[in-house]
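Here is what TrEMBL says about this protein:
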- 6-29: transmembrane segment (TRANSMEM)
- 174-194: transmembrane segment (TRANSMEM)
- 195-247: domain 'HAMP' (DOMAIN)
- 252-323: domain 'PAS' (DOMAIN)
- 374-592: domain 'Histidine kinase' (DOMAIN)
Amino acid sequence: MWSSRLFWKLFLVYAGLNIASAIVFVLIVSGRQKTQVEDQVQQRLHDSAVIMRSSMEGVFEKGFSEELQIKVEKLGALTGTRITLIDMDGIVIADSDQSSLQLVRDMENHKNRVEVIKALATGSGTSERRSPTLSEPMKYYALLYRHDGVPKGVVRVSITMSKIQLEIASIEKLIWSIALLVSFTVMLITYWVVARMIRPLTILTNAAESIANGDYDQKLYFPQHDELGILAQSFNHMSKEMAERVRQLQASGDRLSTVLEGMVEGVIATNERQHVLFANESAGRLLFFSPEEAQGKPLFESVRNHQLQKAVTEVLKNLEPQRMEVELESTSDRILGVTTTPLPGTPCPGLVIVLFDMTELRRLESLRQEFVANVSHELKTPLSSIKAYTETLIRGAMDDPEISKTFLMRIEEQADRLHQLILDLISLASIESGNQVFDIISIELRPFVESCLVDQQTVAESKQIELIIEEQEPGLRVKADEEGLHQILGNLINNAIKYTPEQGTITIRWQRDEGNMVLLQVQDTGIGIEEKHLARLFERFFRVDKARSRELGGTGLGLSIVKHLVQSFNGTIGVTSKVGTGTTFSVRLPRG
């Protein structure tokens, strides 16, 4: 009952009318009583002033006297008022609220007091104001005193407003008490009447709210065989039907929600005002927003993308599906495929946005195109050379033994280069596909590095390059495939020799690293690499100086193979370099 809005509406209306009537009654009655009290006080002051005036013969001519002051004090105490005698010059000669004659002499001149001015002008005067002498609100009545028709002074009688207000308050309190008692009685009766009217409606409302909250077991029973009884039967039948339909809808909704949440694609549903009705976790991940926080809010408060917003607006306007690709500015590298479809209905109730992450697909497509172009170029160069030398030989150069031998040697060089390129491509493809089987064993680094240096010693000596080993901890071992590790070190040392000027040094060092790893470094004093090239150094066919690399016999696949081999051994590889100083490759492999 207490939570029934209808009950409170009816009760408060009746209670408000009751209270308003009581207030009007109190205001009217108390207003009249206040007027009567004020009239009585005014009459009382007038009577007191008249009495005082009749007993003041000769006092104004005598002026100040102890006898007069005592007399005024007694009369003031007797009448319960303040009595003040003021001569024609405004000098106070007696005051009942002053305890001594000296205090009376010290009082201010009263000639400018409002009531005194009125009394001197018309014979009497009244005013209400704060007394400067007593520092409290007062009501004043002043009466002109004449002797033989000649004005001699003013008799002023006053009373504190607090006394008047106290008397008025006492009367108002009585009136309010009566009004409150009557109002309370009426409100109790009103409450009882309204409660009897509202009770059946409250039961029905509570049952309807329970059904709205998912409790479909509500049953109503009214003993009356009237409209309420019929309503209860209809309500019970309706709740049973709704329970079955809601159960079916909930099961269907759960299945749909599970499917949508499990999708890799992002799905967003909005209404016609572009407020989010649903968004799965994939949509939040792709567009960097929280699906829970975005629920019920405008989509583009959470997602800042002009292209997507334009597409949504156009679909809601034209009611035609739209497909597009969107590049997210915040990440620059992410590309999304977006399909926007309006929901059926007139007018259109909203739309569904399906998001596909096209980033990896586009990257792979770009890599494929780049790879095809690079492979084609790398194959074309030696084949073109072989073809040119062959044509030259056919056209007569083979008749000259010296020229013929030179051309055949060059053909052999290009064939070797082509052969090495194909071997590297096969090796890289095998590693990337995961089909290559590695025999991971524990390898001691010292003898293994020394054997690798033996293979490179001849080339290094030809350039007077010193190969140095720095062993921080004897007996340190790594887990790797022996042939693969040999390929890693051989490639790194060979590259270092190629790009290190004569009389340079190449240092191979290793030490224990964090996380049960071993740090293996190949450091040279070569020409170095600009920082802008370091990020792409391990890409297939990437060369810092293409002409120099081909001149030195590189295929452009060596470092890419090294990176994939290191990753196959659960390791990492990095590079630091400074132009003119040298380059350091750092390989981290699991400790054996």
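Each Cβ is built from the backbone N, Cα and C atoms, and glycine gets one as well.
Within the same chain, residues 7, 10-11, 14-15, 18-19, 22-23, 25-26, 29-30, 33 sit at least 6 positions outside the transmembrane segment (174-194) and bring their C-beta atoms closer than 8 Å to a C-beta of that stretch.
With DSSP states grouped into helix (H, G, I), strand (E, B) and coil, the domain 'HAMP' (195-247) comes out at 39 helix, 0 strand, 14 coil. On the 0 to 100 pLDDT scale, the domain 'HAMP' (195-247) averages 77 in the predicted structure.
DSSP places the residues of the domain 'PAS' (252-323) in helix, strand and coil in these numbers: 38 helix, 14 strand, 20 coil.
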